[in-house]
């Protein structure tokens, strides 16, 4: 077999550009204005400006694209550049291109609830080359408290009259079903659904997008992807650090609202959904909604909540617990860890537990989907066989691998755990996977909503978790303490075992490329 030749970034971007230009959705010849509402904030500085730069650098934006920052702070483009450029990862050869990029940037200061400020913003955009006819993309990098005023003023004052208009909305999309519906109803009264892009950056990650391809482009998985063969599904999100001085914001929402109700539930949908009629955005999202409608409200008996405490033998931040963060309210009962079991009550998945786990200050950084298969019927190996597992590792080190039994090498005739492994870093050497925001913002330029959350998806997701969240808010149960750097509360392991997950603890992954 001939060795695969790695493509350079220039070649990869060239192929993608060619595909974009040949398609009908990417309006290469049109003028576009990308407006960052909240341009002075952390999200804009660390994610949005760097992402727009990477797309511009790689020639993946329409040529006549302008970037306009808008915020209350009185800043200049130079100020924005000083704040954001450290996150750009610019090489010396890219410096001339960087100057071109910032030449296409401008900044307007104004209030979020003042129509006169938006008239000034609109006049500024109209004055750009072809500005009155330009397609306009508004990225709302703002707290939800100002969404209503901002969207109303955009719709009434700042819309392009001849080009298309799209808005990108960041989570959190409300705090519960009622507030989410209120926000959705307001935005839907101003914009059509095909103009609204509710962004969940996890839907832009390589392996999350790979779930559909793995499932529906491979014959081998179809016959076994059901309750007859799969014992349980575990969806995991782990961070090795705590709030580290940012606990005030986190405390408003907690880990369920921050991670479980959106990131993990979206991954669950991609695992559990039926094959869509096509890869059209609404065909895919229709199937995700069907899954969510089959999930009952989460039961408190199937939930474990935890909060990290300092590790006396740790170092640095690890010695601090959540309540030691000076920005966290005294005596807060907000959970920094949660495990919950959901059931998809349909013919394919009836009785199969979907275990969602997420937490801060844990023993590693990891996000993955793990399908554990049922025991082999008619055991002839004297209970030496462990369950097969299919693992899709989202981060770090993207990979797909299968835990399976093979004969132990040599004179033995005993089964041994091994794996079939596709680690992206080994198979696709020198291929730089794009950041999730790069994929998603490019999707907005192309008008593709497949990887964005539709209003009915959002409504069903909140329906599942709102009763639990209201009960937690009302009763403020004391979360179980767990040590910074541990696997989380042992009660979570007990919950997983109770619903059918088998943790063997005998398997050790060996990187075959380092033998």
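Residue positions begin at 1 at the first shown residue.
Any Cβ shown, glycine's included, is placed from N, Cα and C.
In the shown protein chains, 23 other C-beta atoms lie within 10 A of the C-beta of residue 263 (active site, proton acceptor). Look at residue 263 (active site, proton acceptor): DSSP puts it in a helix. Residues or ranges marked as active site, proton acceptor by Swiss-Prot on the basis of similarity to another entry: 263.
Taken from Swiss-Prot, the feature NADP(+) 1 binding site covers 38, 39, 40, 41, 42, 43, 44, 45, 72, 147, 171, and the record attributes it to similarity to another entry. Secondary structure from DSSP puts residue 40 (NADP(+) 1 binding site) in coil. The 10 Å shell around the Cβ of residue 40 (NADP(+) 1 binding site) contains 20 further Cβ atoms across the protein chains shown.
The feature D-glucose 6-phosphate binding site is assigned by Swiss-Prot to 171, 201, 202, 203, 204, 205, 239, 258, 360, 365, 395. Following the DSSP three-state reduction, the secondary structure of residue 239 (D-glucose 6-phosphate binding site) is coil.
The secondary structure of residue 370 (NADP(+) 2 binding site), as reduced to three states from DSSP, is extended strand. The annotation NADP(+) 2 binding site is assigned in Swiss-Prot to 357, 366, 370, 393, 401, 402, 403, 421, 422, 423, 487, 503, 509 on the grounds of similarity to another entry.
Sequence annotations record features per position, and here Swiss-Prot assigns N-acetylalanine to 2 based on experimental evidence.
Summarising the annotation, Swiss-Prot assigns phosphoserine to 8 and lists similarity to another entry as the type of evidence.
The annotation phosphothreonine is assigned in Swiss-Prot to 10.
Residues or ranges marked as N6-acetyllysine in Swiss-Prot: 89 (among others). In the three-state DSSP scheme, residue 89 (N6-acetyllysine) is classed as coil.
Feature annotation from Swiss-Prot assigns N6-(2-hydroxyisobutyryl)lysine to 171; the stated evidence is similarity to another entry. In sequence order, 198, 199, 200, 262 make up the list of same-chain residues 6 or more apart from residue 171 (NADP(+) 1 binding site) whose Cβ falls under 8 Å from its Cβ.
Secondary structure from DSSP puts residue 171 (NADP(+) 1 binding site) in coil. Taken from Swiss-Prot, the feature N6-acetyllysine covers 171 (among others).
Taking all protein chains in view, 21 other C-beta atoms sit within 10 angstroms of the C-beta of residue 403 (NADP(+) 2 binding site). Among the features that Swiss-Prot reports, N6-acetyllysine is placed at 403 (among others), with the record citing similarity to another entry.
Positions annotated as N6-acetyllysine by Swiss-Prot, on the basis of similarity to another entry: 432 (among others).
Taken from Swiss-Prot, the feature N6-acetyllysine covers 497 (among others), and the record attributes it to similarity to another entry. When other Cβ atoms within 10 Å of the Cβ of residue 497 (N6-acetyllysine) are tallied across all protein chains shown, the result is 11. DSSP gives residue 497 (N6-acetyllysine) a helix state.
Counting every protein chain shown, 12 other Cβ atoms lie within 10 Å of the Cβ of residue 503 (phosphotyrosine). Annotation source Swiss-Prot lists phosphotyrosine at 503, citing similarity to another entry.
DSSP classifies residue 72 (NADP(+) 1 binding site) as coil under the three-state reduction. Here the CA atom of residue 497 (N6-acetyllysine) lies 13 Å from the CA atom of residue 357 (NADP(+) 2 binding site). Here the binding residues for NADP(+) 1 are 38, 39, 40, 41, 42, 43, 44, 45, 72, 147, 171. Their largest Cα to Cα distance works out to 21 Å. When other Cβ atoms within 10 Å of the Cβ of residue 204 (D-glucose 6-phosphate binding site) are tallied across all protein chains shown, the result is 21. Residue 44 (NADP(+) 1 binding site) and residue 204 (D-glucose 6-phosphate binding site) are 17 Å apart (CA-CA, integer value). In this structure the C-alpha atoms belonging to residue 403 (NADP(+) 2 binding site) and residue 44 (NADP(+) 1 binding site) are separated by 41 Å. A straight line from the CA of residue 263 (active site, proton acceptor) to the CA of residue 202 (D-glucose 6-phosphate binding site) spans 6 Å.
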